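Asker: Annotation comment: Swiss-Prot describes 49, 50, 51, 52, 53, 54, 55, 56 as ATP binding site. The compositional bias 'Basic and acidic residues' annotation in Swiss-Prot covers 276-298. Under the heading domain 'ABC transporter', Swiss-Prot lists 17-232. Per Swiss-Prot, region 'Disordered' is recorded for 273-298.
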C-alpha cells in the first residue's frame with residue numbers, strides 16, 4: 001500500500017491528538033508511563049507491544065476514556081473521533097443486522113450508512129445478521145459504523161483480533177485506503193509485528209513505557225525493539241512491502257488504486273488489469289478466502 005506523507009515539506013502540521021509524558025496509575029502500579037505521541041491528519045500511527053504493554057491504556061487516554069494520572073492529553077478543538085474498541089459488548093447470538101449495528105450509538109441517514117458500508121466493502125451485507133459474519137466482516141462493520149460519522153481520526157484497538165492471516169492483511173490494506181480516501185488520522189494498536197509495519201507511517205513501541213518510536217525501519221533496527229521481540233522480529237519486514245494495484249473486496253469485486261472496480265475473470269484470482277500469483281513467494285493483500293457454496297469471506 002502506498003503511504004502518503006502526513007506533512008509534506010513546508011506544510012503546517014495538523015495535530016489531532018497529542019499525549020505528553022502521560023501515564024495511568026492503578027492499584028499501586030503504573031499501567032503505562034511517560035507516553036509521548038501525536039497523530040496528525042492523514043497519518044497512521046501504530047502502538048505495538050506484547051500483551052499487557054499498555055497499548056489499550058494509551059489508546060483510552062488518547063480518547064479521554066481514561067484520565068492520565070500524570071502528563072497531559074490534548075485534542076484539536078471540535079475533533080470528531082471514530083472508535084473501534086478491542087471488545088464490544090454485543091451478544092452476537094441475538095438478532096442484529098449490520099445496518100442496525102450502524103445506528104446503535106445514534107441515528108444515521110440512510111445514505112451515510114450505505115456509503116460507509118460500501119467504503120469498507122460490505123454493502124452486500126447490510127441486511128445480514130451479525131451472528132453470521134466472519135471475524136473480518138464483523139470488524140469491517142465496526143469500522144463502517146465509526147466511518148459513517150465522518151471522523152477526523154479513527155482509533156482502532158487491536159482491529160485484527162480474531163481474524164486469520166489473509167484477513168489481517170486485507171484489513172490493514174483497508175485501513176490505509178480509508179486514510180487515503182478520507183484524509184483522516186489513524187491511531188491503532190496491535191501485537192502484530194510485520195503486517196502492521198507495512199501499513200503505518202510511525203510506530204510507537206510500548207512495554208509499560210515508550211521503548212522506541214519512529215518509522216517502521218527505524219523501530220525494527222532499534223536495540224530496544226530487538227531486546228523486546230528478539231532478532232527474529234526484524235528480518236521478515238521486507239516481505240510485506242510487496243504491494244499490488246488492486247484489492248479484492250468481500251463481495252468478489254476487484255478494487256483498483258484509481259477507485260474503479262471490476263468483476264474477476266472466471267477461474268482467476270485477478271481481474272483483467274493485473275496478475276496475482278501466490279507461488280511467487282510473496283504475501284498478497286487479498287481481502288477474501290473462498291468457502292464452499294457461499295460468498296467470499298474476509
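Using the three backbone atoms N, Cα and C, a Cβ is placed for every residue, glycine included.
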Asker: Between 49, 52, 54, which of the binding-site residues has its C-beta surrounded by the fewest other C-beta atoms within 10 Å?
Answerer: 52
Asker: Any idea which of the binding-site residues 51, 56 has the thinnest Cβ neighbourhood at 10 Å?
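Answerer: Among the binding-site residues 51, 56, the sparsest Cβ neighbourhood within 10 Å belongs to 51.
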Asker: What are the other residues, in sequence order, whose C-beta lies within 8 angstroms of the center of the C-beta atoms of 49, 50, 51, 52, 53, 54, 55, 56 at the ATP site?
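Answerer: Other same-chain residues near the ATP site: 189, 191, 206, 207.
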Asker: Which of the three DSSP-derived classes (helix, strand, coil) applies to residue 50 (ATP binding site)?
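Answerer: Note: residue 50 (ATP binding site) is coil by DSSP, not helix or strand.
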Asker: Starting from the Cβ of residue 55 (ATP binding site), draw a 10 Å sphere and report how many other Cβ atoms land inside it.
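Answerer: Its Cβ has 26 other Cβ atoms within 10 Å.
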